[in-house]
Amino acid sequence: MGPAWLWLLGTGILASVHCQPLLAHGDKSLQGPQPPRHQLSEPAPAYHRITPTITNFALRLYKELAADAPGNIFFSPVSISTTLALLSLGAQANTSALILEGLGFNLTETPEADIHQGFRSLLHTLALPSPKLELKVGNSLFLDKRLKPRQHYLDSIKELYGAFAFSANFTDSVTTGRQINDYLRRQTYGQVVDCLPEFSQDTFMVLANYIFFKAKWKHPFSRYQTQKQESFFVDERTSLQVPMMHQKEMHRFLYDQDLACTVLQIEYRGNALALLVLPDPGKMKQVEAALQPQTLRKWGQLLLPSLLDLHLPRFSISGTYNLEDILPQIGLTNILNLEADFSGVTGQLNKTISKVSHKAMVDMSEKGTEAGAASGLLSQPPSLNTMSDPHAHFNRPFLLLLWEVTTQSLLFLGKVVNPVAG
């Protein structure tokens, strides 16, 4: 009999809802993947040891996905990195180090124990209840009923990652796959459907992470200002008619002359914000190549509030990825071969990773909205020297980064090429 297979599964759903704003207690600002300053007497939360690395991992992964996929991109760096870190708990020393170093951690500067405590702190902070936004992150382990897991592993994943363990009958792969999909669908309130594809009867474990985010704009768009049909230019030869939201509101934004792109920060109620990056026509690859932590820090320092004439499409996109083909290209090579040692899970050797699947969705639409029709042209970069209000017209492909502000964690990262692709 061949080796048994292990699946890593990550899912994410982001939904933005428009509603009346509450009184603000001050503007939120993107600081980039750097923790905010603390008083000298106050120790920094443990998650500050890991969030910059997660951001760097996200940017590396994005570039590989962009090189492979010309269309929409959307994934959750927090979901994928959490799943891999959780897996490392069941790996022996060499394999565990390979996983964490592949994520980008320097184990000399940040020992493994500190990394896991960082994830524990991050997940705990993200799970804190908030009346202003809904954020749910969870981890689950589905282990073949014929195997007995090591109690130390079960205790560790529960204590550090809040992971629940379930017994599963992988000899009946169809039924078990349906049960796991149903579980993930319930945890994401019906938004993530059929995330787990078919798998082999030799599967012995599925490690799943899910993240659900739902928030309301600090400054809502009026549905009466939404144009039912406006042109969105996928490329030089292709245009689509899409619903285009419109508002004149105070937002932080800038025009980066070096990279030829507009950068816009839109705040949600609660501790979250969206960063939208709109390259000038023909400049997407230039901007993507420059995606580095220092670029995000620069933007965070230069964003200034201004009354902005904003046009933003309603969109709903998703991303489904088999990351076993992508992860080796960014340093996670050896965890996918027969030499990887995950005997810390059950005490048995010859258990290898077969699949690393990830699915994420984003919905920035207004339910049931009906509005008039209009069309637009390719926009030019906003100019601060004109008498009219600066404007940002998102009628061509743009980047989307969604941040949780307290932890400075990059929850979602993507590119909108076709707003109506689903």
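Note: Cβ is positioned from N, Cα and C throughout, glycine not excepted.
As annotated by Swiss-Prot, N-linked glycosylation site applies to ASN94, ASN106, ASN169, ASN350, with the evidence given as sequence analysis. What Swiss-Prot records for 1-19 is signal peptide.
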Residue pair ASN94 (N-linked glycosylation site), ASN106 (N-linked glycosylation site) - Cα distance, angstrom, rounded: 14
DSSP-derived class (H/G/I helix, E/B strand, else coil) of ASN169 (N-linked glycosylation site): coil
Assigned element (helix, strand, coil) containing ASN94 (N-linked glycosylation site), judged by DSSP: helix
Number of Cβ atoms other than its own within 10 Å, given for ASN94 (N-linked glycosylation site): 11
Nonlocal residues around ASN169 (N-linked glycosylation site), in sequence order (Cβ under 8 Å, 6 or more apart): ASP144, LYS145, THR175, THR176
Number of other Cβ atoms within 10 Å of the Cβ of ASN106 (N-linked glycosylation site) across all protein chains: 10
